[in-house]
Amino acid sequence: MLPVLALLIQALQGSAGLWSHLISTVLPVALKDTVILLCGVGLLAAVLGTTTAWLVTAYDFPGRSVLEWVLLLPLAVPTYIIAYAYLDILHPIGPVQGAIRWLLGYSSPREFRLPDIRSITGCIILLGFVLYPYVYIPTRAMFLTQTANLIEASRTLGVSRRRVFWHVALPLARPAIAVGISLALMETLNDIGASEFLGVRTLTVSIYTTWITRSDLPGAAQIALSLLFVVVALVAFERWARREQRYSISAQRSRYFEPHKVAASKGWLLLGLGLLPVIIGFVAPASYLVTHAWSRFLFAGLSSRFLTEAVNTITFAAAATAITVVFGLVIAYAVRLWPGRVSTWFYRLSTMGYAAPGTVIAIGVLIVLATLDRLINEAAGAWLGLSTGLVFMGSGAALLYAYTARFLAISAGGTEAGLARIPQSFDHAARTLGQTTEGTFRYVHLPLSKAALTAAGLLVFVDCVKELPATLLLRPLNFETFATHLYGEAARGTYEEAAIAALAIVIIGIFPVILLSKVGRPKV
């Protein structure tokens, strides 16, 4: 909450002339591109996520069990990496266009070339194919838990499977679809690498260029405030789309939806259609990274720079994960011990950072810690005659603060869900046996929450490794991680130089995909 308040104060300190300049020059283009990008990505992610979720839920065909979890694989690819990969794959002299020209008998890019991927359309397509799992996961879970009685009743009344989908399954899944779309749009707003690489000037990119290129922090803060209003609008949209709908099903009278077995020929066709998003969102970029990383390794091996970046990436991600998990556990446990309006609001305020893009968090953290650095330096100079320099901003503390503020919601939410599964009767039994609150936590709650804590820690760690905007803006001098190295090489057009770092990020990102693949499967 503190970074957001600091951002608001900094934005209000900007001159009226600066605000009018931004309104007349920067904001119209940035806001237009942002809205178009959000609408396009939201629509594509909704279509891909919902159709694939229904495909693996409603139909039984060869390879269905494998398709269920490989549809999650695009989650392992950050948005900036898919843009980085496809810029080279679809380059006019790249492998795809070269193969097409060879098949058509052309010999030069002047004779034939595909439309340039550096456009808002290209950005929508790439982000949609990498973010659709945010819709697929909750929608599939909703389809799985819908009672078969509703579907069978519709079929008994002579309703076709297509009409069952449109008039029964889809309306029931609308809350899950709305949540998934909102998550995909939050990730779109947080993106800076893909948008910049593909020439789309979003609000997030405008914040970065205004701050770094023009050294205009008040201007960047005012744009960030505009971006925060967009985030609030997205949250309001998600609430409106759900309209407080709740669906409850009697567990005693329901069973999981049984998929319809299709003929082998049709089944292979469905499998091919289901694999298409996986090929575009994961297989193609991952194959590109493996090929270029291997050739780079054979040519130069693992450089000392790569090892340094690996240490920086893993060290800061691990430290931020430890801090975030501890704070998340404290917040979630406070909600359990003292349920009520105060603890609920404290929980919501503490976890609102995940809705804010990394650039917004970064500016707020910079303002807070730069002010503390200045106060410490002034106090040390007045009392001790010493100059302390940048205590927080120069040590990486700002980066840890930003990671914690941004990903605390993942830790607190996962831990709170794990604690909620522990019956209150366990607490009463522990107190009956003479255990204190501390003893109950140590011997009852903590052991039973280990799985939730581990899952939350894994998700936070991977998100820290992949986080680009906050890392790019708050890293200390001469400090590089896998993500910032990749960004720098892509900005220079030397894609092959960062292939190993990009592949390392994707490999790390596969671990939560494996975890998520085990969630939501019915146990029979």
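A Cβ is built for glycine as well, from the same backbone N, Cα and C atoms used for every other residue.
Per TrEMBL, the features are as follows:
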type: DOMAIN; residues: 31-236; note: domain 'ABC transmembrane type-1'
type: TRANSMEM; residues: 35-57; note: transmembrane segment
type: TRANSMEM; residues: 69-87; note: transmembrane segment
type: TRANSMEM; residues: 117-137; note: transmembrane segment
type: TRANSMEM; residues: 164-186; note: transmembrane segment
type: TRANSMEM; residues: 219-237; note: transmembrane segment
type: TRANSMEM; residues: 268-290; note: transmembrane segment
type: TRANSMEM; residues: 310-333; note: transmembrane segment
type: DOMAIN; residues: 310-516; note: domain 'ABC transmembrane type-1'
type: TRANSMEM; residues: 345-370; note: transmembrane segment
type: TRANSMEM; residues: 382-403; note: transmembrane segment
type: TRANSMEM; residues: 498-517; note: transmembrane segment
*Using a Cβ-Cβ cut-off of under 8 Å, list the residues of the same chain that are 6+ residues beyond the ends of the transmembrane segment (117-137) and lie near it.*
33, 36-37, 40-41, 43-46, 48-50, 52-53, 71-72, 74-75, 77, 79, 82-83, 86-87, 90, 177, 180-181, 183-184, 187-188, 191, 194-195, 197-200, 277, 280-281, 516, 520
*asked:* Counting CB pairs under 8 Å, which listed stretch among 69-87, 310-333, 382-403 touches the transmembrane segment (268-290) the most?
replied: 69-87
*Between the transmembrane segment (345-370) and the transmembrane segment (219-237), are there three or more C-beta pairs closer than 8 Å, counting only pairs 6 or more apart along the chain?*
yes
*Do the transmembrane segment (382-403) and the transmembrane segment (498-517) share at least 3 Cβ pairs closer than 8 Å, excluding pairs fewer than 6 residues apart in sequence?*
no
*Hey, would you say the transmembrane segment (69-87) packs against the transmembrane segment (310-333), going by three or more CB pairs under 8 A that are 6+ residues apart?*
no
